[in-house]
Structures are given as structure tokens and as C-alpha cells.
Amino acid sequence: MARGAGALTARITAAALAFVTLGPLAVVMAQAGSGGIGAADWAALRFTLWQAAWSAVASVVCAVPLARALARRRFAGRSLLISALGAPFLLPVIVAVLGLLAVFGRAGVVNVGLRALGLPEVSIFGLGGVVLAHVFLNMPLATRMILQGWQAVPGERLRLAESLGFGPREIWRHIEVPMLRDVLPGALLAVFAICLTSFAVVLVLGGGPGATTVELAIYQAVRFEFDLGKAALLAVLQVLACGVAVGLAGLFTVPGGFGAGLDRAVGLPQPGGWRRVCDAVVIALAAGFIAGPLLAVVWRGAPGLLALPGSVWPALAASVLIAVLAAPLAVGGALALALGRAQGLRLVEPVAMLPMAGSSLVLGTGLFLLVFPWVSPATVALPVTVLVTAVMALPFAYRILLPEARALVADYGRLAASLGLQGWPALRLLVVPRLRRALGFALGLVAALAVGDLGVIALFAAERGATLPLVIQRLMGAYRMEAAAGAALLLVAAAFAVFWICDRWGRGHADA
Amino acid sequence: MLTLEGLRVVQDDFQLGADWSVGAGERVAVIGPSGAGKSTLLGAIAGFVPLTSGAIRWQGARIDGLAPGARPLSMLFQDQNLFPHLSVAQNLGLGLDPSLRRVDWAAVETALERVGLAGLGARRPGQLSGGQASRAALARALLRARPVLLLDEPFAALGPALKAEMLALVEELAGAALVLMVTHDPTDAQRFAGRTVLVADGVAAPPVETAALFANPPAALAAYLG
């Protein structure tokens, strides 16, 4: 039964979200199509799907042995490593790219080593580099999703396996393979959908006729060719691709991959011998793969901190301002929708997922087309970035809050109703105190994503009024790598700081 | 007088009908087999279960269109009667003003004294025993001073002695209020209620004298009592 102020708020929020998502889409649809789809556009679509598929498969192929090793081994630093697997999600993408360049780029550690051995160099640009960066960013997420699958194997089944004398091979065949069959489609599709709309990675590591995604082609059409009709057409292609991916993902239950207890004592057998060595090697390689680029940023950025260009500080202020505005907007909207859904409003569910069918640049293109005839896009760069960032982050916040909202309504909905506790008093006395931990986590996540986001701002910003990720990208474009690394270090600190502050608020007063 | 006028609740293959009245100040037990609809009956009166047809009246005025908090009744649930993140005093204060802005805290303390919880207002519900938590929920119903009190087995988790003690406290504090109490224990009904409603086979039967009901139980009740 959904009624009262809460249901009304949820309906209004859903209508507003549908408006700001579908409105720009409608504009894009209306403006698309004058030129028809050219060969370059098809190539962009093909490359988009191709790199996303490769990225999904590579991420999951790397994640399975790592998740298995983490599931069955206990070692010092294990929980630290599992926590660190959450870090790439908060890490600004441009920083990750910078770190990967430092390790795998032409002057990076790997190529220096290869040259010393007289071996051919590897190139980080093009398909290989894009996939490498996507694996770096998404393999940890895939690992956490798959690890949850392993930890959800009932202890009774493992006891049964042991009593039947199963060895590692039989456990793999009768327990692990069926579990993976359930978990892998969700993990593959999650990574695939994320990589479809990846922008910052392709902006730096892709480009050119052979390695341009639809998202990058939209950016180029707006910024360089100023062909808004073509941008709109590409945006329609992007929506079709995302819509199909989200629709497919809806067929599979996608596990969350964020929190949940990761330290339940699982009675997985710990086979010795070569399997033990393999697990150790897998864990060491993964830790090195994740830590290497991060350490490279710190190592290169520390000297750069002393010589930061002046453009960095206003950009940092802009990024933090966007986060401060976008996070409450996204989390407040997600909370209204989650509470509405928990009280039985079914229409909320598809609306909350609506942003996933678009992308940052698709929404940006629509808004660009809307404002362009009236004002200079650069003057509205910040409000547009706040809005698009909040809208794109809302589904994540909704997913985090929904289980908590359901529990709240199930446990205390009747009591609150019987006491007439509703509206603002209910928010102040019941919802915020009970959901504080989830709200803090969601706020922190959205704020960190907003600080580090390099997406729609690239469409709108002029030379002034850039965000910090955009300034870093420009420094990299100008080959000022040391300054870029210093600014990147600052950006990482800002992203983790806003996350920490919000998460800390959520964990405070946890006395109930 | 509380009147259930041709009340019907239909949910999938479950249904429940009731068509009777009980007077102000009465003590009425609601008994019957599990799943027959005892809690559904109270939920419908309290406003948590939508009516398929019929009406609910209090002193002649329809109340079935009102939100749960606006109905002239208080309800004690099987569990989750207190918000764990608020103090006991704040939980009671919600009975006077849901926004906790205009609460007469002296009245809250008096209510705590009357249920034997003097001085425990600053505690969290988690620091109370089961019996104390029941007393706190009862104290809030006392503060709300609504003319109908619905008890949906709130004392089911307490031991026999404690439960008897709580029923005596309800009897003492409810005063002129009508009390409808769900129970699965015949001795509760016999000890507490002058009349009893039997819920079985999709019907909440009109209330009859409790002693007469148990002296000559109908088939459904006889089967339940075993």
C-alpha cells in the first residue's frame, strides 16, 4: 500500500527523472538523421561493441582465478586486498589511465624492460590499451561479484562434498562450475554495459579510425566538427546499444558486487601442492596489476605536486562543487524512489534504471542541443555537469538503498503508520537514522564518482571553467606528464577524501 | 461502539468476513487456528489490510477511509513495537507528537512510572528486557489515549508468568477503552476477555460469552483445542 507524502514524493521524483532522461533523448531523436549513418559511424559502433565484449571477457577471465584463490585461501592482508578491490571503483578513470601509461606506456617500466631484453615493445594505444584499462578498472568489480558467488555456496553442500570424498577436481565440476554458470552472465553483462559508455579511457588511449567508440565520436562531432546532427545520430546509436545491453542484463539477476560480508567462514577445502602455488601466483599478479599503476601515479606525481599549474586550483574547486551538489541530488532522488518502491510502487523500478539506457554524452548532447540556441554552452557547463552526473549515478545509489528501504518498510512501516509518523518527521526520526550507513556509503560513492568524472564536462567546458579531470587530460595532451601526475595525485586525494567524509558520517553514531 | 459492517477481505485464495459490533470498554479475545485470519482482522481494523467491501464504524462514523495513524485506535504488534535507534522516552513521545517537537516530557515520565519503568526513559530499547519493552509499548498506547486498543499477540514471546502480569497491567490501564486481543492461548481468553471472537473457515464469528464458548465449543474450536 503506497499512499501519503512518501508515495507522492516518489511519483514526483520518478516523473522528474523520466523528464530529464527522456527529454534530452527526444531532442536527440528529433535532430538526428539528416546525414544518414556513414561508414565511420558504423565503424565506431562496431569498435564500441567489440572493445566492450573483449573487456568483459578479459575482465571475467582474470577475475575467476582471483576470486577462487581469494575464496579458498586465508592469508595476512586478505581482507585488505578485498577492500582494495573496491578502490578502482572510486579511482578517477583519468588517473587510472595515467598510471597505466606510466607502467605500460612507451617510457613505462614494461617497455623499458622489454627494450633492455631486446624484445619488441608493446603499445598501449588502440584496442589493446583500451581493453587493458577496462580490465584494470572492472576486473576488481567482477572479482567481487564472483567472490560473492563462491561465498554464497551453502556450507552444507561443502560438508556433503567432503563426506563424499570430493577432490578439487570434483568440487570444481559439481559445485563451482554450476555456481559460475549462474554468476558469470551477470558479471559479463555488467562489465560490458559499463564499457559501452566508457569515455575517458578511449579519449586518451583510443582515437583514430580504428579505435573510436560511439561515445568518443559524439564528443568529436560536437567539439571538432560542430556537426550537431551527426552527434544526435550517434547518440541514437549509443542508446540502442545501451538499451539492448540493459535489457539483456535485466534477464539475469546482476549481483551487487559492492558491500556484504566478505569474511564469512567458508569451509572451502584448501588443496596444497601446485594448486597452492598457482593461487599464490594469481593473487600476487593481481595485487601487482592493481598496485603498480597506483604506485606509479604516486611516484611520478609527488614531485609534480610542487609545480602544479595555476589552473589546477579553480578546477579542483569546480570538481568538489560538482560533487557537493550532485551527490545529495542523486542520493535524495534514489532515496525517494527506493522508499516508493519499498512501499509497493512498481513503476519506480524501470524509471530508476532509465539512465542506464543512455550515457553521459548522450544526455549531454541532448542538453547541448537544448541550450545551444539560447546561451553559450560554456556558461551552463557546471549546472549541466551536476545534473548529468547526478542522473547517471542515481541507479547505483538506488541499488544500494533499495534493500535497506525494503527492510525499513518491512520492519517499521506499520509501526510508523500506526503512530501517524510521516513526512519530514519520518525522514528525520526514522529514515535518516535507520538508513544512515547506506546513505553515507551512497553519498560517498556518488561524490567520489562526481569528483573524478570526465564526461559531459568535456562537451561543454571552455578553456576556463574546466574540472580537475579535464585539466589533467589537457596536461597529458600537452605532454606535461609530471604536472598531470601531480594533479592526478590531488584528484585521487580529493575523490577518496569526499568518499571517506560521507562514509564516515554514515558510520557515526552506529549505536542502535 | 465498534461496528464491522459486512466487512470482507479477499486476498488471492484467502478470504475473511465479519459482521458484528462490540461496545466501548469491552474486553474481547480473538482466537482461532493459525492462518485463519486473526491478524488480518486486526490489520483491517487498524488500516493495514484494504477492505474488499464493507465498512468499519466507530460510534457511528466511518473510519475505514482514514490513514492508520488517524483512526481512533492504538495497536501493539507481535514485535517491532519500538524504534531501536530512539530512546525509550522518545518512543513514548511519538505517541503524543510524531514530530517530537511538542512533547510533554513530564507526561512521558508519568506514563513510564505507571507501567513500572520509572527512570528508564533514557535507555535504548535494546537495553530493555522483553517484558520491559512490552511495558514501554503499552505506556505509549496509554499516552495516545485512543478509545480502542488492538493487541496482536504482543506478549506471545513472554513466559507464562510475565504474560499474566502484562494482561493484568493492560486490564488496569486500559480503563474505558475497548480492547481486542488476538491470542492462540485459551487461558488468555478466559482470564482476560468477557467475550470471544472465533476466527475460522473464512469467518470472524460474532463475539460470544467466553465461558459459554469454551464450555460448549463449536466444531472448528474443538478441532483447534484438540
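Note that Cβ sites are derived from N, Cα and C of the backbone, with glycine treated the same way.
Here TrEMBL gives transmembrane segment for one range in the set A:116-137, A:402-423: that range is A:116-137. The stretches the transmembrane segment (A:481-502) and the transmembrane segment (A:116-137) do not meet in space: the count of Cβ pairs below 8 angstroms, excluding pairs fewer than 6 apart in sequence, stays at fewer than three. Long-range contacts of the transmembrane segment (A:183-206) within its own chain (CB-CB distance under 8 A, at least 6 residues past either end) are made by residues 47-49, 51-53, 55-57, 59-60, 63-64, 93-94, 96-97, 101, 124-126, 129-130, 133-134, 137-138, 141-142, 145-146, 148-149, 212-213, 215-216, 219, 238, 241-242, 245-246, 248-249, 252-255, 257, 356, 359-361, 454-455, 458, 469, 473, 476. Under the criterion of 3 or more C-beta pairs below 8 Å, with sequence separation of 6 or more, the transmembrane segment (A:79-104) and the transmembrane segment (A:277-299) qualify as touching. Between the transmembrane segment (A:49-67) and the stretches A:231-256, A:277-299, A:311-339, it is A:277-299 that has the most C-beta pairs under 8 angstroms.
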